[in-house]
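Copied over from TrEMBL:
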DOMAIN    16-366  domain 'Acyltransferase 3'
TRANSMEM  20-39  transmembrane segment
TRANSMEM  51-78  transmembrane segment
TRANSMEM  98-116  transmembrane segment
TRANSMEM  148-171  transmembrane segment
TRANSMEM  192-212  transmembrane segment
TRANSMEM  224-243  transmembrane segment
TRANSMEM  255-276  transmembrane segment
TRANSMEM  288-305  transmembrane segment
TRANSMEM  326-346  transmembrane segment
TRANSMEM  352-371  transmembrane segment
REGION    385-407  region 'Disordered'
COMPBIAS  397-407  compositional bias 'Basic and acidic residues'
Amino acid sequence: MAAAGVSIGMGGTRDHSLDAARSLLMILGVPYHAALIYTPGYDWVMNSPDGIAWIGLFADFIHSFRMPAFFLISGLLITHSLRRHGPRATLTSRASRLLVPLVAMAATLNVAQLWMESRAIDPGLTAEEFLTQTIPAAFWSGGLVYHLWFLVELFISVLALCFTYPLLVALHRRMAERAPGLARWLANPPDWLPPLLLSLVMMGVLGFDNISDWLVTPLVPTNSTAVSIVVSAGFFAVGVLIAHWPGGAARYAKASWGVALTYLVCFAIHIGMVGVEKPMPVRFLDEALRAVAAWSAFRFVLGLTQSFFSAESRRVRALSQASYTIYLLHHLVVMAAGFALLAVTAPPLLEFAAITAVGLFVPLAVHHGLVRRSPTLRFLMNGVPPGEAKKRSTPARGRETMARRTG
């Protein structure tokens with residue numbers, strides 16, 4: 001009998017609540033970026049003259065856990081692919097899924113965003129100046145990546161894992177032979193180990209700017225730095241570890257008041273220290289609080305999705321597939337809606353709600369109306385090869401029926 005939220009396949013098991021959680025985290029990018037437009041004192045690609053006093057805290061709330069939890073879940077999910085297909089096939093698949101949309105969007109929609117942003121700053125900018133000056137400068141500074149930085153850092157994480165996976169497996173076997181006690185402990189560690197590892201990752205990058213400037217300088221042609229890559233890869237690696245431990249993600253999923261309170265306390269203390277000059281010990285504490293807050297939110301989100309979206313269903317699968325398109329497109333849609341509303345006199349909170357709704361439903365409509373129906377668009381925007389798209393769409397009903405029978 002299969003556990004709730006798990007379907008049986010040739011390669012092992014897959015937790016469908018993880019797909020739902022990842023989709024939720026990606027979709028939260030819509031209200032996050034919409035909120036930045038109305039955050040007083042925050043310099044985004046565009047800003048409304050009518051700010052909302054509290055919305056910056058709302059943006060900080062989303063930002064505190066959204067991408068850390070995303071990388072944790074990505075590490076959890078890739079383990080299934082590694083076990084089923086091996087490192088080489090997994091890397092090939094992820095390269096298509098991550099790099100094709102990155103290049104396609106950077107060369108098209110992100111150029112359109114750059115045009116809107118540049119014209120807002122300099123209304124007299126000509127097309128020739130944009131093509132010969134603005135675009136090259138943006139390329140070399142990572143400006144064409146915009147919100148797609150996570151694709152760069154996720155691919156680097158996947159690349160490192162796939163190249164080192166055989167070595168890690170061999171090291172684990174040798175450890176089991178030479179230090180069986182340590183191997184047993186690492187195979188089923190205490191629950192405090194994940195937040196400790198995440199805290200060490202966050203604290204470990206402090207002071208990188210004192211070692212070398214290039215560690216905190218964006219790596220051409222991206223907007224990611226060595227520090228941001230290390231942090232993302234660290235969360236990703238902890239997700240991989242969790243997937244190898246007994247119980248996997250379900251072991252830590254818990255939408256309880258205690259988990260929520262832990263997050264709120266850590267988040268509140270961190271926010272209270274923003275803008276305050278901190279000695280190094282306090283900086284270490286601040287980074288540890290950020291790590292524990294992200295970990296607690298990750299546990300809470302997983303608890304929610306396991307409670308409500310654990311069974312395999314067409315709706316969850318459709319949302320999971322659409323969420324990628326939503327995230328790729330929403331940035332441009334949010335910017336366009338924001339610029340359009342600059343000329344409208346309306347309560348800023350109403351404008352924020354309208355931008356969020358448009359930023360969600362327009363990409364959703366584009367996905368179901370165009371991307372899902374076009375193998376070419378699915379390849380360019382979701383990285384799914386045309387032949388693979390047909391294979392995926394055929395057995396969905398059978399898998400759903402099987403999940404109902406065995407659940």
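For all residues, glycine too, the Cβ spot is worked out from N, Cα and C.
Packing against the transmembrane segment (20-39) from elsewhere in the chain are residues 46-48, 50-52, 55-56, 58-59, 62-63, 66-67, 69-70, 73-74, 77, 147, 301-302, 304-305, 308-309, 316, 319-320, 322-324, 326-327, 330-331, 334, 338, 348, 351-352, 355-356, 359-360: each is 6 or more residues past its ends and has a CB under 8 Å from a CB in it. Spatially, the transmembrane segment (98-116) is adjacent to the transmembrane segment (148-171); three or more Cβ-Cβ distances between them are under 8 Å for residues at least 6 apart in sequence.
The stretch in 192-212, 224-243, 288-305, 326-346, 352-371 that contributes the largest number of Cβ pairs under 8 Å to the transmembrane segment (51-78) is 224-243. Outside the transmembrane segment (148-171), and at least 6 residues removed from its termini, the chain residues within Cβ reach (under 8 Å) are 67, 70-71, 74-75, 78, 82, 87-88, 90-91, 94-95, 98-99, 101-102, 105-106, 110, 222-224, 228-229, 232-233, 236-237, 240, 328. Proximity of the transmembrane segment (192-212) to the transmembrane segment (352-371) is not established, fewer than 3 Cβ-Cβ distances being under 8 Å for residue pairs spaced 6 or more apart.
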